[in-house]
Every structure is written in structure tokens, then in C-alpha cells.
Amino acid sequence: MVFASAGAAVSGAILALDLGTTGIRALLFDPSGAVAAGAYREVPQIYPQPGWVEHDPQTIWQLTCEVVAEVQAQSAARIAAVGLTNQRETCLLWDAATGTPHGNAIVWQDRRTAALCQKLRAEGWEAPIRQRTGLVIDAYFSATKLAWLLAHRRPYYPGLKAGTIDSWIIWKLTGGRVHATDTSNASRTMLFNLHTRDWDPELLELLAIPAEILPAIKPSLGVLAETDVRVLGYSAPIAGILGDQQAALFAHGCDRPGLVKCTYGTGSFLVAHTGDRPIRSRHQLLTTVAWSDRTSTGYALEGALFTTGASVQWLRDGLGIIETADESEALAASVPDSGGVYFVPALSGLGAPHWDMGARGLLIGLTRGSGRGQIARAVLEAIAFQTREVTDALAADMGTPLTRLKVDGGAVRNNLLMQLQADVLGVPVERPQLIDTTAQGAAFAAGLGTGFWGDYAELVAARPIDRVFESGERQLVLQAHYAVWQRAVERSREWVR
């Protein structure tokens, strides 16, 4: 992979913007790769009706401006480049002349287009869409969301723009001059042809999405545009655009086949780099772009789990058995095991490797002796078991056994969860000191793309590792429990038909 050469004396900082599902984060990275400043704002979630999830695009932009202003107030360093990473699949429509959105963005978790997805399957589109895009037909992806927006919010007119969250923020950062996305985000829309590396005309026609409303597709790494002077007080290059999971993969140094990372957030996402060619999964994993530069494109296999950290939130908000998410660790550790209780976290259906929109959550094995501790432990074990399902599928598709799992995301602070994960997988689990790895990946991409940093391998190797969890004495017991949990998964399948 080709990067610009670093200058002899590097000064300033790289600004990473992480436009996540639950929050907007800005981090400044100094020349050593350390975090020099940071700011965060929570994104309000909008639930118009059951199964629908939306975000206000204007709020996302306002919060972005706030975190940028805050990190600039914390550090006088001049921003040498901007890197951007974002929640993928979430999409919106807006007016080019005014920059005003046509309603809220539809979030990746939103299931309102499930019926359209079923119709596409019934019409025989499953195999063609899989072959072209590497994805399964699911309401998770942008394609059916955009079709819904055009049908229900605003039909096509000259000057209508559409895009994912990266495109929206690039539009705003550049003062409306640039309408673009990168290959990693485009590959998550179910409209991007992996073989031509462009929007697929037949799929656009199928869903009545005009090509002219979509952003131009650019490399993930390298200078894409310049910020409007009103954003920072001066202009700076936007030089790294990556979907959040690809950004984490980049930060972990997973740039070749056999390296796997898992991000534990609201959902969990396991991604393995597969090299310079797309591999079609035989186990219901997604084929996607890892990242690209001006000369090459790397590919990946991904398993998306819809409900992991959200399961812990359900313990707090739904059952009320904990007051904060952090309490889940102590509560689960207060009992030696789950007491035969198993949890299937299909609260929004099942993602990889099942892709069952009709599956529903299941808590089974309850007796009069079951209490809060057993339920909390069953939830943490279920997160580890789900991850095992996907790592097994990755190993089968790639023909390479998993030897180490690199992890990041808010839930990895839970030491019990990480130990359970190591035991269930039977391999070391590596946790870095900086668990905001998506922002770090965006910073690395922007810095390497502008010559702020010169060597990718050295940059990755310099990241401090906080702890490596080794599989322990409960490995065999938990792997036996995994087999029982798989029976519970089968009971949860196709509950809603």
C-alpha cells in the first residue's frame, strides 16, 4: 500500500471524527500517535414506531461542530488532516441547494423495510445480489432504506442528494462542495458491485434509485477534499474515510489474511482481512471492502451481530436488574456459573451467520433458583457464544484457524466478558489501551495519506496493549455450554413468520 512520504519534522495533529450510532467523538492525535485531546456527545435516538430507528442529521452535524470546537479549545496544535469514520448503512436524503435534510436518517438497526426484503427474495434476487455485492438481502443495508425514503419522504428531483453519514458530513465539512463516499462505506449499501467497484445499474433500477443522487465513490485513503475554512478556522485536507468496522480493522493492523478483530458495541462486528480479492462466504458471512487507496483495494469477510452491548442495556433498561452497564460484570461474577440459564440475544433478530429477521430473544433454563446473577452471566456468555459462531464461520471460509482475537469497543472494559471470550474461543484475546479503535483507524488513515506518518507497520506496532486474556481452566466447561446454547438458538429461530 502506497503512502506519501513523511517529512523530516512533523508538527500539528490529526483530527479523527467518529460518527457513531450512540455518539459523536472527536480525538486529536499527536505525532507520536497518542491522543492529545478528546470530546464526546451522545446522539439522541428516535423511535417513531416499533422496529424503526432514526437520527436527526442536523443534530449529527451540530454535535460534530461541538466536539471539533471542544478539541480545538483543548489543544493549540494546528490540524494537519481530518480522518472520518462512521456508522455504516444509515442513510438520508437532503437538498443540494439548501443543505436541508428531507426528514431524519434511517439508522442501520431500523427494520421497516423487512417486507421489501422478503419480496426481493421471493422474486429470486438473493443469489444475484449476493454475487454482485457480497451481501445478503436484509433491511440492515442502505439500499431498501433509500428506496423507502424516495417512496415515502421525497421523490426524485434535480438537486436531490442521498448518502450515508460519511457523505452527509463530508458535504457539510466542505460547505456543500463535495458529494462523495469511500469504497468501504459504499460496499455496505447493497448497491455497490464488488467486481466493477461502482454502483450497480441494474440494482439501482430494481429499487428505483436514480444514480445521480448518489455520491461519487473515492478511495478510503488519500486526500479526498479540503474542509471549508469556517469549520476549523482554516482549510485542512480530509484524507481518510472508513466505515467504522473497517477503521477498527485498519487500526489493529489487520492488513493481510488471517488477522481478525471484533468490535463490541451496541452490536458486535467480527472482520477478517482476506487480501486483494473478494472471498464469497459459504457460511452466511458478508463479503465487503476493507479499504482502498489509489492503487489497490483490500477485501474482508464480516460477521455482524445485532445485539451484544444492547443486551446489557436491556438488563438495565428492560429488566431493571442493574443500574449501569458496568454493574453487569460484578453481578455476573457474583455467581460461579449461569446455573443452566441460557440467553439468545435475538432482540432485533439474528445476524450472522443466521440472518433470521424472525428470530426473537430467548431466556431459557430458568428455575426457582435462578436469580439476577445467573441471568447477567447468561447474557455475557451469550455475547461470547455469538462471537464463537462467527469465528468458526470465518475459519471455515478462509481455511485458517483463529489464533488470536484483537478486540475494541466499550464492552471490552468488562474483564469477565473478555475472559469468557478467551475461554469460549480457546485463543488469546488482545485488548489495546485505546479502545476507541475506530477513531484511531481514521486518524491513522488520514495521517498516512498526507505524510504526517510514514510507516503503517511501525504505527500499529507502537500501539500500547493493555492486556492479553488467555484461555483458562473453564475452557472445556464453557465450550460444552456453547453446544447447549446452540440448541437454544434453534428454538428462537423464525418465531415471527
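Including glycine, each Cβ sits where the backbone N, Cα and C put it.
The feature ADP binding site is assigned by Swiss-Prot to Thr21, Arg25, Thr266, Gly309, Gly410, Asn414. Annotated ATP binding site per Swiss-Prot: Thr21, Thr22, Thr266, Gly309, Gln313, Gly410, in sequence order, evidence recorded as sequence analysis. Feature annotation from Swiss-Prot assigns sn-glycerol 3-phosphate binding site to Thr21, Arg88, Glu89, Tyr140, Asp244. The glycerol binding site annotation in Swiss-Prot covers Arg88, Glu89, Tyr140, Asp244, Gln245 and is backed by sequence analysis.
Sequence features annotated in Swiss-Prot and their locations in the structure.
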{"residue": "Thr21", "record": "ADP binding site", "Cβ neighbours (10 Å)": "20"}
{"residue": "Arg88", "record": "sn-glycerol 3-phosphate binding site", "Cβ neighbours (10 Å)": "28"}
{"residue": "Glu89", "record": "sn-glycerol 3-phosphate binding site", "Cβ neighbours (10 Å)": "25"}
{"residue": "Asp244", "record": "sn-glycerol 3-phosphate binding site", "Cβ neighbours (10 Å)": "28"}
{"residue": "Gln245", "record": "glycerol binding site", "Cβ neighbours (10 Å)": "30"}
{"residue": "Thr266", "record": "ADP binding site", "Cβ neighbours (10 Å)": "23"}
{"residue": "Gly309", "record": "ADP binding site", "Cβ neighbours (10 Å)": "21"}
{"residue": "Gln313", "record": "ATP binding site", "Cβ neighbours (10 Å)": "17"}
{"residue": "Gly410", "record": "ADP binding site", "Cβ neighbours (10 Å)": "19"}
{"residue": "Asn414", "record": "ADP binding site", "Cβ neighbours (10 Å)": "23"}
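Only Arg88, of the binding-site residues Arg88, Thr266, Asn414, have a C-alpha within 10 angstroms of the C-alpha of Gln245 (glycerol binding site). Here the candidates are the binding-site residues Arg88, Glu89, Tyr140, Asp244, Gln313, and by Cα distance the one nearest Arg25 (ADP binding site) turns out to be Asp244. Largest CA to CA distance in the glycerol binding set (Arg88, Glu89, Tyr140, Asp244, Gln245): 15 Å, whole number.
Ranked by Cβ neighbours within 10 A across all protein chains shown, the binding-site residues Thr22, Arg25, Tyr140 are led by Tyr140. For the pair Thr266 (ADP binding site) and Tyr140 (sn-glycerol 3-phosphate binding site), the Cα-Cα distance reads 14 Å. Comparing Cα positions, Gly410 (ADP binding site) lies closest to Thr22 out of the binding-site residues Thr22, Arg88, Glu89, Asp244.
Summary of the ATP site environment: with the site residues Thr21, Thr22, Thr266, Gly309, Gln313, Gly410 set aside, the chain residues having Cβ atoms within 8 Å of the Cβ mean position are Gly265, Gly267, Ala310. Classification of Glu89 (sn-glycerol 3-phosphate binding site) by DSSP places it in coil, neither helical nor stranded. The two recorded residues Arg88 (sn-glycerol 3-phosphate binding site) and Gln313 (ATP binding site) have their Cα atoms spaced 21 Å from each other. Pairwise Cα distances among Thr21, Thr22, Thr266, Gly309, Gln313, Gly410, which the record gives as the binders of ATP, peak at 14 Å. The glycerol site is set by Arg88, Glu89, Tyr140, Asp244, Gln245; from the centre of their CB atoms, other residues of the chain with a CB within 8 Å are Gln87, Thr90, Trp108, Arg188, Gly243, Phe269, Ala304.
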